[in-house]
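Engineer: Okay, these came from TrEMBL:
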type: ACT_SITE; residues: B:E336; note: active site, proton acceptor
type: ACT_SITE; residues: B:H337; note: active site, proton acceptor
type: BINDING; residues: B:Y139, B:Q200, B:N223; note: NAD(+) binding site
type: BINDING; residues: B:S246, B:Q268, B:H271, B:H337, B:D370, B:E424, B:H429; note: substrate binding site
type: BINDING; residues: B:Q268, B:H271, B:D370, B:H429; note: Zn(2+) binding site
2 protein chains.
Amino acid sequence: MRPTASPARLSTDSATFEADFRARLHWSAETDAEVEQRVAQILADVRERGDAAVLEYTKRFDGLDAPSMASLELTQAELKSAFEQLPAAQREALQAAARRVRSYHEAQKKASGESWSYRDADGTLLGQKVTPLDRVGIYVPGGKAAYPSSVLMNAIPAHVAGVSEIIMVVPTPRGEKNPLVLAAAHVAGVSRAFTIGGAQAIGALAYGTHTIPNVDKITGPGNAYVASAKRRVFGTVGIDMIAGPSEILVLADGSTPPDWVAMDLFSQAEHDELAQSILLCPDLAYIERVQAEIERLLPQMQRAGIIAKSLNGRGALIHTRSMEEACEISNRIAPEHLEVASSEPHRWEPLLRHAGAIFLGSYTSESLGDYCAGPNHVLPTSGTARFSSPLGVYDFQKRSSLIEVTQAGAQALGAIASVLAHGEGLQAHALAAEMRLDK
Amino acid sequence: MRPTASPARLSTDSATFEADFRARLHWSAETDAEVEQRVAQILADVRERGDAAVLEYTKRFDGLDAPSMASLELTQAELKSAFEQLPAAQREALQAAARRVRSYHEAQKKASGESWSYRDADGTLLGQKVTPLDRVGIYVPGGKAAYPSSVLMNAIPAHVAGVSEIIMVVPTPRGEKNPLVLAAAHVAGVSRAFTIGGAQAIGALAYGTHTIPNVDKITGPGNAYVASAKRRVFGTVGIDMIAGPSEILVLADGSTPPDWVAMDLFSQAEHDELAQSILLCPDLAYIERVQAEIERLLPQMQRAGIIAKSLNGRGALIHTRSMEEACEISNRIAPEHLEVASSEPHRWEPLLRHAGAIFLGSYTSESLGDYCAGPNHVLPTSGTARFSSPLGVYDFQKRSSLIEVTQAGAQALGAIASVLAHGEGLQAHALAAEMRLDK
């Protein structure tokens, strides 16, 4: 049967808009209790038995029967050879993308990731020292969603931050390796790579095993087991975020060719059936043209089935009273990807408070950002852009406050600290300050 | 009985050093299954029944029987009046501390929290827009560990970031309010405050109730229930970190008066019995002098019982071969507070890679930093300084990537994106890029 796509049609004018809108947006990140319990067991087992446990789970879940953990390590030579055997066009595209991603993240480090300090009037030195993490783990999904671009997007910011060891894990179900993923690991400068996945890989990275060194932070997306495992090891190691389904929101004033917008909606919907594509537009005639392009283009798509399911189940074309109202609704959604398909993108950008990435103007398709514009494609999903940020150099750095109080400074500060410490009933704190007062 | 304190004596020269060292450091952040289950129930109940559930738990756990949630709100007038009724010395100390904390965080925002962008050779605009969170919740513990300074340290960075609504929750067991906490809320500019606590307060902030607005992020320390609840709501809202017991590590070259160092060790130990105070020093005679000062000063301390238990159970005086080795061990610990009690603090600082805050030189007691030097006193504990940072303005901001590709830029980028997208089997991504290529 030929798939058809009918995203929900909503209008802010409608009396039922609020209810319809909430129903469309609803998505719950909660993992079920059974997944949670199994993950807890796997993590405890990996912590207890190390390599042996990881090998057993790899056999059971990935159908990969290896004699030792060492045999699951991909050598640098193997990564390099994967790269060299790619067609020239892919080799060059990977390298060009890596160059641009690196250069953007270098600018990011310079703008917001450098140490700083100053001295106040008393001569007191205050500031922060910014240092890279020592060792990080990067989780790369295997199977149907094995994206080499994600290897670049996770490893390059770590590299730019100055992380000295980057350990990649990628499951290879039944031993099937994705050459583009291996090649990307070579281009991005991954230090070591293991073909393991799931909760067992997260446990190995968090606790360390005989073969796999424990890391300081784990980044990268994964399935429900991986997400639950990351949540559990948070505190033992750092984690980036718990990713939900991917989303795109297009704010359109009607000036972008409607087939471009239809294809941009598809490019999110083709990820998986839970992905969400939303159009917000004050021009009803334009919405009809986009809908017509959706119908025209869908049959030509290789992933038409997934696109149709995603659009029918979670997509929406929303008619708004104005662009201003569209911006306000976008802020309520706090989308992962936000395209401003407008001839005046800089008129609307200041109104947009919450989004993972903002793509300005008709030529800026999300897919350019996904691969090679430079900014990171690991972005906060499911409304978490209200409080979190794209993956960046800052995720692979941490800060230490620096304080140097002079003898003069200790007199002024000691008097204040003494009063407050006594007020909190902390006598030792007070005395430590008072002892430094001149006699 | 008079308490005595004998921190463990370790030496890096000893054959058993590694084992002794690991045993001393061991502390597990894992919550027990029973706490986890009860917290899950409380959160589900608050999500379901809102105010009614919060009122019931507040009655049960805090012994506070209130007729309505509205009656648990502290008015701005009440906060202001608490401030005005303080003794003048406390009022002035609170204000002086707030001024310094504000000025430090303003410098922090300027150094690492501003928007940035640039255009590349194709005219493509790339950058990040930094915006404040809309609304945050601050958890302030009640009872024995009610620290007004923590109100300043959480609320002021949020304020400096530009957060428009700061909601404070603080449990008041049996209705007992801490006037200094209320006064600090006034000084720090808290928008609204409620006398609720525990997992029920975290649930109310994360999901919202009829009376309590849902927030975007929750910061602040709490007991095991609060920590478990924060971990569970992570993803629905942002959280800062899961705090463990407080720690101090003093690196001493023997140039600081030993009674100052003894008191600094006490000032951490007096927090609670699980707090950890460690001295690292290459000079054995100096270690003996610090030990003697510990014995001499302990009987004078109001919290001698807690200090003794903390030092006996978790304290350590470690003799190292050199200052360099002491720095290396400090890096393995990644302490929350790190004092460099040395006449050459800038000689050692570059060797120190992991720490929440570094206090340089003999006059810089940790307690000055705790209250009023300016930097934040909410710091990563239990070795998490390996991957996380002091609470800061950046915790109350988030970033949105900005991308604007010109028509010319879309030609160069489109060719790269097309190759990579086809390589990943994502045809819609490829076509979205190809459609923007000039015909």
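Cβ coordinates come from backbone N, Cα and C, glycine included.
Any TrEMBL annotation is an automated prediction that lacks curation.
Remember, it's a predicted structure, so these values are computed and weren't measured experimentally.
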Engineer: Name the recorded positions, out of B:Y139, B:H337, B:E424, that lie close to chain A, meaning a Cβ-Cβ distance under 8 Å, keeping sequence order and answering 'none' if none do.
Structural biologist: B:E424
Engineer: Rounded to a whole number, how many Å is the Cα of B:H271 (substrate binding site) away from the Cα of B:H337 (active site, proton acceptor)?
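Structural biologist: Cα to Cα, B:H271 (substrate binding site) and B:H337 (active site, proton acceptor) are separated by 13 Å.
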Engineer: Give the sequence-ordered list of residues that share a chain with B:H429 (substrate binding site), lie 6 or more positions from it, and have CB atoms under 8 Å from its CB.
Structural biologist: B:A417, B:A421
Engineer: Near B:E336 (active site, proton acceptor), which of the binding-site residues B:Y139, B:N223, B:S246, B:D370, B:E424 can be found within 10 Å, Cα to Cα?
Structural biologist: B:S246
Engineer: Work out the three-state DSSP category of B:Y139 (NAD(+) binding site).
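Structural biologist: For B:Y139 (NAD(+) binding site) - judged by DSSP and reduced to three states - the answer is strand.
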Engineer: Can you give the largest Cα to Cα distance in Å, as a whole number, for the residues B:S246, B:Q268, B:H271, B:H337, B:D370, B:E424, B:H429 that bind substrate in the record?
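Structural biologist: Overall maximum Cα spacing for these binding residues reaches 56 Å.
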Engineer: For B:D370 (substrate binding site), which DSSP three-state class applies?
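Structural biologist: DSSP call for B:D370 (substrate binding site): helix.
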Engineer: How long is the line from the C-alpha of B:Q268 (substrate binding site) to the C-alpha of B:H337 (active site, proton acceptor), rounded to the nearest angstrom?
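Structural biologist: B:H337 (active site, proton acceptor) has its Cα 9 Å from the Cα of B:Q268 (substrate binding site).
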Engineer: Give me the CA-CA distance between B:Y139 (NAD(+) binding site) and B:S246 (substrate binding site), in Å, as a whole number.
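Structural biologist: Here the two Cα atoms are 17 Å apart.
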Engineer: Rounded to a whole angstrom, what is the C-alpha distance between B:Q200 (NAD(+) binding site) and B:S246 (substrate binding site)?
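Structural biologist: That comes out at 25 Å between the alpha carbons.
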Engineer: Might you list, by sequence position, any residue in that chain lying six or more from B:S246 (substrate binding site) with a Cβ less than 8 Å away from its Cβ?
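Structural biologist: Once residues fewer than 6 apart are set aside, B:S246 (substrate binding site) is near B:Q268, B:H271, B:D272, B:A275, B:Q276, B:E336, B:H337, B:T381.
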